[in-house]
Amino acid sequence: MPLYSEISLIGDFIKLHHIENPGMAFGINFDFKYTKLILTLFRLFASVVIGIYLKYIIAKNFNKTLILSITMIFSGAVGNVIDSVFYGILLNNSPKNAPFELFNGQVVDMFFIDIWEGYLPSYIPFLGDSFISLWPVFNVADSLIFIGVFILIIFQKTFFNSNEY
């Protein structure tokens with residue numbers, strides 16, 4: 001699927017929309033040439049820490065839903081790390097100001113739910129006349145992280161209401 005192309009899956013509501021995200025979640029990006037490298041190293045560190053925690057909770061036979069949610073977060077984090085570490089080289093998609101390709105790949109985002117998009121009224125301070133979309137384009141890894149965190153929030157009292165932690 002070519003970059004910036006779009007395929008409707010369910011009318012105009014759910015679409016595949018191919019973009020490359022040079023930053024982090026929701027397309028947030030800072031104009032600093034080492035931003036992507038720092039973000040990728042942080043993602044790599046977080047993935048290792050989450051992986052160690054996941055191994056621990058599996059070994060201690062913790063709540064299966066907790067294990068599922070941490071597994072989803074870990075899988076999503078690793079997926080985004082793979083994109084960030086290797087896609088700069090494999091797909092030649094590093095941001096223009098990146099000092100090198102390794103660890104500077106752009107994450108490929110494709111899923112788009114079109115809830116609403118348009119321009120904000122001009123009378124809104126600082127944001128007036130800005131184009132916004134109420135739901136960002138995302139990928140499977142982002143979905144796994146979001147759902148895993150959502151499960152943690154919903155069931156936190158079940159997961160963390162014991163002396164095991």
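Including glycine, each Cβ sits where the backbone N, Cα and C put it.
A Cβ distance under 8 Å defines the sequence-distant neighbours of the transmembrane segment (34-54), meaning residues of its chain 6+ beyond its ends; these are 22-24, 67, 70-71, 73-74, 77-78, 80-81, 84-85, 94-95, 98-99, 103-104, 106. Feature annotation from TrEMBL assigns transmembrane segment to 34-54 (among others).
Residues of the same chain lying 6 or more positions beyond the ends of the transmembrane segment (66-90) and with a Cβ under 8 Å from any Cβ of it are 36, 39-40, 43-44, 46-47, 50-51, 53-54, 57-58, 98, 100-108, 139-149, 151-152, 155, 159. The transmembrane segment annotation in TrEMBL covers 66-90 (among others).
Per TrEMBL, transmembrane segment is recorded for 132-155 (among others).
Same-chain residues lying 6+ beyond the ends of the transmembrane segment (132-155) with a Cβ under 8 Å from its Cβ atoms: 17, 19, 21, 25-27, 65-66, 68-73, 75-80, 83, 107-120.
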